[in-house]
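Data first, discussion second: the structure below is written as structure tokens.
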């Protein structure tokens with residue numbers, strides 16, 4: 001009797017109380033079970049797609065150049081070794097852009113960010129250094145024309161290759177070894193996780209190499225003009241193939257220098273004045289032209305060279321066109 005009174009003190013029927021208790025228990029159980037949140041949709045930045053597409057084109061172009069030089073034993077002159085170094089650096093840069101896209105959307109972690117940015121920095125640094133090495137080699141081939149084909153030139157070329165790749169690898173290892181802004185965002189540059197100081201060093205180094213390339217190009221022009229003047233004094237109005245190809249090499253250097261500055265100068269100057277607080281669209285807009293330099297390099301250097309053209313024709317159609325077969329080979333024809 002007492003139990004019945006206790007149950008009916010609320011004035012509600014027993015069935016209603018049982019239903020309410022069941023609802024309370026169900027609510028308590030559901031509150032302990034973590035709610036399953038819907039996974040956010042993967043939003044891809046259109047700029048990243050453009051960079052990945054650029055990386056794919058860079059990789060395909062330069063892979064052809066690397067394979068041609070690697071499989072052709074006749075392409076072992078110093079100039080071709082430097083062209084191969086440039087193509088290999090641009091190939092790695094293109095692969096780095098592709099890997100950066102994949103890791104950014106499929107495998108996000110601090111380690112992948114550091115490895116990717118290290119690969120991109122090292123490869124683009126090697127590309128710029130290879131351009132400088134080619135300019136130095138072009139100057140030496142004109143200034144020391146009589147001794148250019150000696151063993152000393154080949155040794156000097158290998159020394160340049162070791163130095164430029166060693167320096168580029170060291171620059172690429174800096175973010176991996178701890179010189180990054182993952183722990184302190186206030187030190188980030190326009191390219192995370194590079195620090196502002198790291199980006200400044202890379203930018204100043206680029207400006208220094210550009211100034212050196214410009215000075216060498218001016219000296220090359222002076223040598224060519226002096227040679228042309230000597231020929232005119234000697235009444236040799238029919239220029240030899242050496243000077244014809246030398247002029248061609250000079251015009252090529254002019255194209256290279258112009259495209260090099262147009263592609264890299266915007267990003268270089270922007271990296272010096274901006275930091276992580278600036279809108280990312282400015283970084284993409286200046287970085288994208290820099291990648292175009294690696295697309296243009298094979299066209300300027302490799303595919304305009306007659307020896308590489310011959311090797312490419314042999315691979316594609318198994319023959320050499322008569323227009324190429326009749327042309328004399330010259331190291332100045334770059």
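Using N, Cα and C of the backbone, Cβ positions are placed for all residues, glycine too.
Because the structure is a prediction, the values reported are computed rather than measured.
The transmembrane segment annotation in TrEMBL falls on one of the ranges 250-269, 310-329, namely 250-269. Check TrEMBL against the ranges 22-44, 114-136 and you find transmembrane segment recorded for 114-136. When the ranges 199-218, 219-238 are checked against TrEMBL, the one recorded as transmembrane segment is 199-218. Using the rule of three or more Cβ pairs under 8 Å, pairs at least 6 apart in sequence, the transmembrane segment (47-70) is in contact with the transmembrane segment (281-303).
In the predicted model, residues of the domain 'G-protein coupled receptors family 1 profile' (61-301) average a pLDDT of 87. Comparing 82-108, 114-136, 156-179, 199-218, 250-269 for CB pairs under 8 angstroms to the transmembrane segment (281-303), the maximum falls on 250-269. Between the transmembrane segment (199-218) and the transmembrane segment (114-136) there are at least 3 Cβ pairs closer than 8 Å, counting only pairs 6 or more residues apart in sequence, which means the two stretches are in contact.
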